[in-house]
Amino acid sequence: FQHYTSADNCRSAFKAPLEPSTALGGFSGNNYSEASAFIITYPVNNVVEKEGNETERAVAWEKAFIDLAKNELLPMAQSQSLTLSFSSESSIEEELKRESTADAITIVISYLVMFAYISLTLGDTPRLSTFYVSSKVLLGLTGVVLVMLSVLGSVGFFSAIGVKSTLIIMEVIPFLVLAVGVDNMCILVHAVKRQPLELPIEGRVSNALVEVGPSITLASLSEVLAFAVGSFIPMPACRVFSMFAALAVLLDFLLQVTAFVALIVFDFLRAEDRRVDCFPCLKISSPNTDSDKGIGGVRRPGLLARYMKEVHAPILGIWVVKIVVIAIFAAITVASIALATRVEPGLEQQIVLPRDSYLQGYFKNVSEYLRIGPPLYFVVKNYNYSSESNQTNQLCSISQCDSNSLLNEIARESLRPESSHIAKPAASWLDDFLVWVSPEAFGCCRKFTNATYCPPDDQPPCCSSGSGSCGLGGLCKDCTTCFRHADLNNDRPSTMQFKEKLPWFLSALPSADCAKGGHGAYTGSVELQGYENGVIQASSFRTYHTPLNKQRDFVDSLRAAREFSSRVSKSLKMEIFPYSVFYMFFEQYLDIWRTALINLAIAIGAVSLVCFVITWSLWSSGIIMLVLAMIVIDLLGVMAILDIQLNAVSVVNLVMSVGIAVEFCVHITHAFTVSIGDREQRVKEALGTMGASVFSGITLTKLVGVIVLCFSRTEVFVVYYFQMYLALVLLGFLHGLVFLPVVLSIFGPPSRCKLVEKQEDRPSVSLRP
């Protein structure tokens, strides 16, 4: 452990020094003998290529390795009371594919539960004698089919133009569109039921569309616009989701105000003709006695509608209750603003993967035993090694190098690993090359009399590995060092010398006589293509991050490496950037707060703009905007309490929450603006007509579908879908049916309707122009 860089018998099987911290784990400090774990790493070539199958070969090798580890190595280790955990670069992707099918049954059950609830809530009050006629199972089923058609239309359109769908799209968008579509279906059917029964069904549907059509249009267009602005998100997962969702919601709205309205007419005609639901060919001949018919041919309001109008609204009308409601909701919003700052960016890998995945144990062991982090490469572009340039001294760290050189700066950063997340000084091919060519390293850079490369004396052909004799009288007795001191300029090779000897160095094997050979350690560190012109297009200097266990550690290490590279690049006037294998996954989290806030602001602003265009009331759109902002802020507070991190999934959910939250606000606000009387009377009327629909058609439909998701086998569904959706539904319900009515009763806009007298002296309501 103390001589792994110098003693020949302490080197690895590939004859190069191997740092103990990269092969051992579970020790403290440098006490390697206390190690309780060891790590084996197989580097596999990963080629960026447009043609060829090198990457496919690497992936195939990894799959074969995982199969071997699962079927043979794991039982072998367990039989010796050892713990074996393993992973490959393609493992996460493969496990995510497996996960996509793991919860298919849960999602289907969720949809079926929502469908069953739709069928019940669309029908009349269930009675055993008339249930088979008054139920709306067939209507609910056709409504669900329209939802599925809108999702298929969206997926089909974007697939046709070459946009690929993602796991989030296939699992979330049907649920989203079903949740949105169910709301509109319930509101339309309930509005038809509220119309006078003496009118023909066409007239009732027409009046229902006049009553609820504007709010349905407003809610749907607001959702479409909220998702459409998300298509400008730079994060691909959010952008693609928003595109698919916007088109699916738009198609669903168009189908509902056309096809579903026609289906409502057919279903009401079926019920009035006493035909059995789902089997309309069967007709019941018993007399039509509708006990729900009230005075004047109007259906008697249901229990929920009566509660909203006669109990809920009067309680909210008490001034003490109003003050308490506003104070509580304001306090929750202020607390949520403070809590939202604690929401951390990231996505824990253990949450995303199935609970029975072999990677769960791997990540647990990496966190527990590993004492060094992922390799970190500082890549230098266009390094000018010519004699006229000073860039060699700006990079190296041996004698005569600049004190502020790249490698000296990396070494200084490694002295404060808590903030830099750099574990140790970088391994430098440039330093080793400059030492390798120097005359002091007598056994390293040597040449035959014909000016070709001569290896050290302890390597073939100078030394025959079979005979074991390595005398001075062999083939290499006439070899000489490449350069004398006089041949070098301040111990630095000239442009021609550098160009000629660099390939020798990169192919030289390290051994006892010369440990500085670059083969193995630096084979992939230098891009030799085009280097003959005096400029190396790209080269890397390898070090290691400190152990990274939490998502914040990964994000902070990436940010620190970026900031360090930017500072050194400006100082040296060279292009330098950091790279580690996990950067491509965590780069999104550097600006995710900015991305989330901008898109939430745009979505809320877009919804308010649609509200203003349709209602032509800044008053109404301002109140809706306030309630939407409070729901989103409170949802961020809930995320902080439940330790839900900010990532592509939660940003999608937050943008989606704007679209869904509109449903809880728009219908009540629209009903309030088209009612007559003072504010208290109009709130009571709005809750009586739309409060029941919002509760049964919006809140409960989403609630029954969400609760099923808590039985998911995958943690990501429980955390990001069950918990977040449940919080959204409860927050939307409380803001829409408690806070919003109170705000409208105090600050609500004036009515857009006025009383007009009909010829038969009955008052009627008409909209103001």
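The count begins at 1 with the first shown residue.
The backbone N, Cα and C atoms fix where each Cβ goes, glycine too.
Database features, via TrEMBL:
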TRANSMEM  100-118  transmembrane segment
DOMAIN    103-266  domain 'SSD'
TRANSMEM  138-160  transmembrane segment
TRANSMEM  172-192  transmembrane segment
TRANSMEM  212-233  transmembrane segment
TRANSMEM  240-266  transmembrane segment
TRANSMEM  316-340  transmembrane segment
TRANSMEM  596-616  transmembrane segment
TRANSMEM  623-642  transmembrane segment
TRANSMEM  654-674  transmembrane segment
TRANSMEM  686-709  transmembrane segment
TRANSMEM  721-748  transmembrane segment
Near the transmembrane segment (721-748), which same-chain residues lie under 8 Å Cβ to Cβ, leaving out any that are not at least 6 residues past its ends?
172, 175, 312-313, 316-317, 321-322, 325-326, 329, 619, 623, 626-627, 630-631, 634-635, 638-639, 642, 644, 650, 653, 657, 660-661, 663-665, 668-669, 672, 679-680, 682-683, 686-687, 691, 694-695, 698-699, 702-703, 706-707, 709-710, 712
Counting only residues 6 or more past its boundaries, what in the same chain has a CB within less than 8 Å of a CB in the transmembrane segment (172-192)?
107, 110-111, 114, 118, 121-122, 136, 139-140, 143-144, 146-148, 150-151, 154, 204-205, 208-209, 211-212, 215-216, 219-220, 223, 241, 244-245, 248-249, 252-253, 256, 260-261, 264, 268, 652, 656, 659-660, 663, 667, 690, 692-693, 696-698, 701-702, 705, 721
Top stretch by Cβ pairs under 8 Å to the transmembrane segment (623-642) (candidates 138-160, 596-616, 654-674) is 654-674
When counting Cβ pairs under 8 Å to the transmembrane segment (596-616), the leader among 138-160, 212-233, 316-340, 654-674
212-233
Confidence summary for the domain 'SSD' (103-266), mean pLDDT rounded
80
